Each structure stands twice: as C-alpha cells, then as structure tokens.
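Quick look at what TrEMBL lists:
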- 12-33: transmembrane segment (TRANSMEM)
- 84-101: transmembrane segment (TRANSMEM)
- 107-132: transmembrane segment (TRANSMEM)
- 144-164: transmembrane segment (TRANSMEM)
- 176-200: transmembrane segment (TRANSMEM)
Amino acid sequence: QFVQGSFRHGLTVFSCPMFYVVMYSYIAFSFAFECYISLLVDFATDRGIGVSHAVTMLSTSSVADLIGRLTLPALADRGYFTRQALMTVSFAWMGSLYLTLPLAHSYALVFAMATAIAFCIGTTVVLFSVLVAEYVGIERVSMAYGMVSAAAGMTSLAKPLVIGYFRDKVGSYDNLFRLCGSCVTLGAVIWICVHVKIFATSKHTWTLRDGTMTGSSQGVVKKHIEA
C-alpha cells in the first residue's frame, strides 16, 4: 500500500488500462490539432483562397470552438449522455473531417469544415482532464495528466519534421491531414472497443415486480406468467 498523494502512489496510474486509452487519445488529438492549426492558412491559400480570407476564417472558427466547449460537455455533466460516448462521437466526427478536408476546394466548403473541426476541438479538449480524474482518481490526477501532457509534448517535437517532409518531399499537406485523420479515427475505434468491453462485461441485476422483470442497467422486460 502506498500513501495517497505520494510520488510512488502517483506512479500506480501506469497499472490502469484506461490511462493508456486517454493518453493515446490526447496524443492523437494534440498532434492533429497542432498540425491543423499551423497549416490551415497555408492549406487555404493553396486552394486559391486569399490570405486575408484564410486568416479571417481561422479567427471566426474560434467561435465554434467556444460553443463546443460550453454546450455538449455541459449536457454530458447533466447526464444526457456519458462523457465516453461524447468522446467517441467527437473523435469519429473529427477524424472524418480531417480525412475529407483535402477534398475541399471552395472557400465555402473549407470554411464549413474548419468550423465543424473547431467545434469538435472545443468539445473534446475539455473532456480529457475530467476523464483522467474519473479513471485514475482525484488523488492521482496530477501525475496522470502530467504524464499525458508530457507524452503529447514529446510527440510534438517531431511535428516540424513531419510538416517539412510533407511540404518539401510530398508537395502538399493533403496526406498529412489524412494521417492526422487516421490517428484520430483510430482513437474513435479504441473508444468503441471500450464501449463494447464495458457492455460485454456489465452485470445486470433483475428484480420481479408485478409480473415485470426490471433490470438495473437496461429497460423493462415483460415476463408472462402462466396462469
């Protein structure tokens, strides 16, 4: 047994499987976000959009980011859906947007996709710290979130090399956005597997009331009793 709040107790986060799920999700999210926010203006100008319009588009999409931070996570806190479900949907939507962004060529389409991506970013970014606390406990959240942030930071060191490779060797950022989308989509697949695992291993408690079998985690199942 380790003393709660001690350094050795904080290291026990590495024995929590969900810690690694959150860590990969944060790494994929951070890498994709940093590439996207660094390259959106350059990507838009490659599509024939003026620099002033591209910069305005980036600034305007921040409104969608703010809306994403304030709406869906608040609904999750009120219990309309779980944070895990919101994370799964956000990652799936964001990954598909990154994958299809290279197909956008008009200003209207790029702007619409940038707005949708910003909304997903705002929705997702506020979930990580809450999920870390939920899975590892409040007493270990400092160590866990520090390790998650450090891992994402080390991954960011490779970002200039990756961007330079796609710009100088490949000649465009299209495949880089596809790479980002693939990493984020893999995160969505992992969260789907988590949901399947939870559903498969969940235990249901059934009670009989007035000829009706009521489950603790499912709806109501009618049980007909023969006369």
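Even glycines carry a Cβ here, placed using N, Cα and C.
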Chain residues in Cβ proximity to the transmembrane segment (84-101) (below 8 Å; excluding those fewer than six residues from its ends, i.e. six or more beyond): 25, 29, 32, 36, 43, 72-73, 76, 110, 113, 116-117, 120-121, 123-124, 127, 131, 177-178, 180-188, 191-192, 194-195
Positions whose Cβ lies under 8 angstroms from the transmembrane segment (12-33), at least six residues beyond its ends: 2, 87, 91, 94, 98, 121, 124-125, 128, 131-132, 135-136, 140, 143-144, 147-149, 151-152, 155-156, 159, 180-181, 183-184, 186-187, 190-191, 194
Long-range Cβ neighbours of the transmembrane segment (107-132) (under 8 Å; 6 or more residues past either end): 19, 22, 25-26, 29, 33, 36, 40, 43-44, 47, 49, 53, 57-58, 60-69, 71-73, 76, 83-84, 86-87, 90-91, 93-94, 97-98, 100-101, 141, 144-145, 148
